[in-house]
Amino acid sequence: MQRSPLLARLDSPRVLGYVLIAPAAIILIGLLAYPLLLGVWLSLTSATLGNPGTFVGLQNYATIFADPTFRGAAFYSGFYTFFAEAGKLVLGLALALILNRPFRGQRAARALMLLPWVAPTVLSALAWLWLLDPQFSALSWLLIRLHLIKSNIDFLGHAWNARWALIVVNIWRGLPYFAIGYLAGLQSISKDLYEAAAIDGASGWQAFRRITWPLLMPITTILVAFSSIFTLTDFQLIWTITRGGPTDATQVFTTLAYQRAITGGQLGEGAAIAVSPIVLMVILAFFVVRSVRER
Amino acid sequence: MHDLDRRRFLALSAAGIGAAATAGLPAVASAADASPFKPEKGATLQLLRWTGFVKNDDIIWAENTKKFTAATGVPVQIQSLSWPDVTPKAALAAQVGSGPDIIMGWNDDPFVYPDKLVDMTDLAEYMGKNHGGYYDAARSYCYDPDVKRWVSFPIGVTGNSLVYRKSWAKDAGFAEFPKDLDGMLKLARGLKKAGHPCGFSLGHAVGDANSWTHWVLWSFGGKQANPDNSIAINSPETANALEYAKALYETMIEGVSGWLDPSNNQAFLAGQCGLTMNGISIWYVAKDQFPAIYPDIAHAVPSYGPSKQRTTLNNFSSAFIFKYSKYPQAAKEYLRFMLDSAQAGEWVTGMRGYVTPALKQYGDLPVWTSDPQITPYRDVLLSAKFDGFNGRPGKPAAQALDEFVVVDMFADACVNKMAVKDAMRKAETRLSAIYKRA
């Protein structure tokens, strides 16, 4: 039986390679590269809603860098990301170390740990909105009952209270991602290493410092890199809880871009705000990749 | 097909069968026949509107829509969204050129993309002529002087009044609600002293924070812009408004700077707050769910300040049709039908006045005087101004409202303890940037 010429061409590894890679390439170009490039293009135009606008070069960037609201949003985006990542890293590692030890109910604890991560973001944000409410906060109620405070804490009414409150919520939500990642990392470390260290008289801290932490560095790099990107582009938590308030104290790149581009109709300027952290992320990714390579 | 249905209804009515069940339908069909807007053959419509703030809103709107379908044969699919989500959805429809045929949007929405919208002049003028004309604010939000046509059809406002507890006000020495702002400040101080502080949002609450701050600003004669859209916020009048707000802030419940739109409703209904500004929803909800405090809730038209004018900023809703719609005549007929006397009367009455229609004729509905607590909401459009006052409604005014420029100016002065002149200067800088880029 004679094979069709088309099938015969697939015998060539080169042709077959292109065929196999095509679906992934189409998805990457269509769903990632195209929207990204469109965003970059829009940021270089005077586009408004329903109007493609004209090419204006870097004018939108000049405008936003001169805008104190944007500079405030850039500051809080960085602050929010740094402290949320630091909190998630430390607490996630601690949680993983606890869950890595055998204890009764370990499986149930591991399942429960995932709840904040699997719950829809808007729902958990609404729950936190109630917890942080100036009048009806359960947290304030508890602290009053414990005689630790005398009146409700105004979690969301003052700039720094609101900023830290959102960081705590983000840590709560992202903690399982770090914990589950570290748990996988811990389970991949050979027990022989710990036994050898114990024979040499190493303390628990020394074993952690010399064995556990160095071997967790690759997973740490991946966790921090991915989570930083998610945190830097966080929108739902902040929009639901504060809408960028009070007085723009909790504006971040995404909320400001949404406000300017979608509700305000200034697509070019909104795109410039949305695109601007990409530079930050590329720099971050560069250092992350370099550190992995060095190790 | 609908002719057959109409004849059948007429026959049934003539025979006196099922008169109660079909009451009004023949009249409805006749009115549809007499309308100048004839639906296109095979028309179907999609409507995007805000989810009702009170339950009867959605229910009666849907029932009236069914009557429209029965009278015209045009099916209508209704999609409801939380009210702050309608604006971005409308913006998306404008951008991609596809989506619902009709959108019931908010405030300046139609001015953001007037070129994308069907000319509504014929419908607006027809309805205005037949229903007593429009309040000034309605025209400001729907007639675009740049393109010289109605770009949107006025629906009405979710009006704002002062909401307070009668017995607490009486205990503070006020049997009647004070007519002026000085009196209101004295009342607020009395309420605070008695442990019933007032509460006005200074957070990013789209409706509540914008409404009361604009009311105070305008009451002192302050304004965002001049008629030529030059910025006018930095003025002695604005400074006086901010000084007043600072004094009022001292009487407020803790936490107002973090309040979003539901917060004042919750605090008031929980008995933690004795005075706020809101739509009729607090009273409406209390009637069904808080019978203990319901009789003690009262409404008052907003007090006036040195400008001696009563002013309010209300969320104004209008309906617009995108040019991509294949059935603009059917869409216009739907809007005509829904805001015609029979349907609009039923809708407004069922909501106990939550929406104050933009057509003046509906100020005569008995519902407005059926309870003295509803009456203040009848009159909200008499004194209403539009966002960006005294500049022009449009893109920059919409963006300033979206970005809470006026709210943040008040919060800077009250919460952040910024000097009044600095708060005004900051707002002026922000407004200048917004008006320049828009």
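FYI, residue positions are counted from 1 along the chain as it appears here.
Cβ coordinates are placed from backbone N, Cα and C, and glycine is handled just like the others.
Annotations in TrEMBL come from automatic prediction, not curation.
As given in TrEMBL:
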TRANSMEM  A:15-42  transmembrane segment
DOMAIN    A:74-290  domain 'ABC transmembrane type-1'
TRANSMEM  A:79-99  transmembrane segment
TRANSMEM  A:111-131  transmembrane segment
TRANSMEM  A:164-184  transmembrane segment
TRANSMEM  A:215-239  transmembrane segment
TRANSMEM  A:270-289  transmembrane segment
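Looking at which of A:15-42, A:79-99, A:111-131, A:270-289 has the most CB pairs under 8 Å to the transmembrane segment (A:215-239), the answer is the stretch A:79-99. When each of the listed stretches A:15-42, A:79-99, A:164-184, A:270-289 is scored by C-beta pairs under 8 angstroms to the transmembrane segment (A:111-131), A:164-184 comes out highest. Using a Cβ-Cβ cut-off under 8 Å and counting only residues 6 or more beyond its ends in the same chain, the transmembrane segment (A:79-99) has close neighbours at 106, 109-110, 113, 163, 166-168, 170-171, 174-183, 185-186, 216, 220, 223-224, 227-228, 231-232, 234, 252. Long-range contacts of the transmembrane segment (A:164-184) within the same chain: residues 80, 83-84, 87-89, 91-93, 95-97, 99-100, 110, 113-117, 121, 124-125, 128, 132, 155-156, 216, 219-220, 222-223, 227, 230-231, 234, 237-238, 241-242, 250, each at least 6 residues beyond the stretch ends and with a Cβ under 8 Å from a Cβ of the stretch.
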